[in-house]
Amino acid sequence: MMGHRPVLVLSQNTKRESGRKVQSGNINAAKTIADIIRTCLGPKSMMKMLLDPMGGIVMTNDGNAILREIQVQHPAAKSMIEISRTQDEEVGDGTTSVIILAGEMLSVAEHFLEQQMHPTVVISAYRKALDDMISTLKKISIPVDISDSDMMLNIINSSITTKAISRWSSLACNIALDAVKMVQFEENGRKEIDIKKYARVEKIPGGIIEDSCVLRGVMINKDVTHPRMRRYIKNPRIVLLDSSLEYKKGESQTDIEITREEDFTRILQMEEEYIQQLCEDIIQLKPDVVITEKGISDLAQHYLMRANITAIRRVRKTDNNRIARACGARIVSRPEELREDDVGTGAGLLEIKKIGDEYFTFITDCKDPKACTILLRGASKEILSEVERNLQDAMQVCRNVLLDPQLVPGGGASEMAVAHALTEKSKAMTGVEQWPYRAVAQALEVIPRTLIQNCGASTIRLLTSLRAKHTQENCETWGVNGETGTLVDMKELGIWEPLAVKLQTYKTAVETAVLLLRIDDIVSGHKKKGDDQSRQGGAPDAGQE
């Protein structure tokens, strides 16, 4: 039987790689992704300019925003990009560090795989190290008083210093803190801070960044439906609808056969009566403003205008929800079911202004707004987009601290403290596992090392003295000053990071490294059609998965 030709199990147009080749390929892909955004860490970080497929320009130093725009082929690189997105959604900050750490964890593992150490041994050491990293972090964390605004501004400032918005840091910190405190909502002892839904960022090009502010209420890009309606109302009574003030057409197509001329007049009269009834149901409650998600017919506008009611139509559902939270109104589906307690009376002012070429409706001075709008002004769209990304990060940091008021020192100090603890612990370990365990400590040093590199200081000299510093008693808050590249005590410098962000960064980085080390086989399949097309000179990537 030995002379027979081999049996092909896999289809001929699939490509298979296995063993060491796959592992080193995965590690190299992860290292490449980490190298792309290595220069984006710290206050002296560089920015990247990316062209998206539509020809738009993105200028940013936010790890997640950069990787979102990059097109990659390798599956391991795709999973690296995925973790930065997860980090952004979970805690909103630390997207750059998580990629750099994961890349470094894999990089130090390569040496052991070359020495024929089994990946499972490396993985089990990494898992042990992760548990110890988490316990060490909790040991060095300190509680924070969230009612102390100076401390809160300081924490947000640590996050903003590394961003493009750092020139206007005090303005940005105040905006982030005010916005998050405004949307904070406590119910049955449970805190809810939903920034995505209730803190909307509106960007209007023009003016200067210093004109940006937080509105105690909502701003929408809409004008009144009829030019003679009021555009300035104090203490407005607001009614919110999600139904249209138009004549309802039947669900399916209906034909009406008319035999007499009067019947046609009667049909038109019925339409008018229906709309009049809708408007009367609304007018009974004496509102000043009616806002609906659907359309308002000309006739309805006429009735509302005669009753001196301002109407705004086709408002987004998300905006309507925010207005409801801000002024205490309820969104009603049928005008005939409107009651007095559905009317929102919490707003202090409704005003429609023209900014540039467009009209904007401002519902502000709300008594107890649980929703807000951040109005950003700036020179160009690119700058505004970057400022918005930075603000989102700052708000997430603020939210994390309010939900879990624990802090750890920034500037690479926590990494060095954890690395020192792991190195000490590894001395008591026996067997092969101690080497990969110690390598995790070595991998953690990549954060302070990158900070030093990015501000152009001498890496070897500073890292050695930082290691020496951490061997002394009560020196776990010493780290790198990213501005000057010198060693400082983070307590004095006031650079703190939320514990939640650090924990998530470490967990995600180690889990990703473990996941990629577990892979020993990659089978990539292509559809036959795509291959045929590329042979004929068609689109090379058509039909490929």
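From the backbone N, Cα and C atoms, a Cβ is placed for every residue, glycine too.
Here's what Swiss-Prot has on this protein:
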type	residues	note
BINDING	Gly42, Gly94, Thr95, Thr96, Ser97, Thr162, Lys163, Gly411, Gly482, Glu483, Glu497, Lys502	ADP binding site
CROSSLNK	Lys15	SUMO2 cross-link
CROSSLNK	Lys248	SUMO2 cross-link
CROSSLNK	Lys249	SUMO2 cross-link
CROSSLNK	Lys381	SUMO2 cross-link
MOD_RES	Lys222	N6-acetyllysine
MOD_RES	Tyr247	phosphotyrosine
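Note: the Cα of Lys381 (SUMO2 cross-link) and the Cα of Glu497 (ADP binding site) are spaced 30 Å from each other. Put simply, Lys249 (SUMO2 cross-link) is 60 Å from Gly42 (ADP binding site) when counted between their Cα atoms. With a 10 A radius on its CB, Gly42 (ADP binding site) counts 27 other CB atoms from all the protein chains.
Thr95 (ADP binding site) sits 33 Å from Lys15 (SUMO2 cross-link), taking the Cα positions as reference.
Taken residue by residue with DSSP, Lys381 (SUMO2 cross-link) is part of a helix. Here the candidates are the recorded positions Lys222, Lys248, Lys249, and by Cα distance the one nearest Gly482 (ADP binding site) turns out to be Lys222. Long-range Cβ contacts of the residue listed as 'phosphotyrosine' within its own chain (separation 6+, distance under 8 Å): Glu271, Tyr274, Ile275, Ser297. Between the C-alpha atoms of Lys249 (SUMO2 cross-link) and Ser97 (ADP binding site), the distance comes to 56 Å. Cα separation, Lys15 (SUMO2 cross-link) to Lys163 (ADP binding site), rounded: 43 Å.
Distance between Cα atoms for Lys248 (SUMO2 cross-link) and Lys222 (N6-acetyllysine): 24 Å, as a whole number. Shown in sequence order, Asn61, Asp62, Glu386, Arg389, Asn390, Asp393 are the residues of the chain, 6+ apart in sequence, with a C-beta less than 8 angstroms from the C-beta of Lys163 (ADP binding site). Ranked by Cβ neighbours within 10 A across all protein chains shown, the recorded positions Lys222, Lys248, Lys249, Lys381 are led by Lys222.
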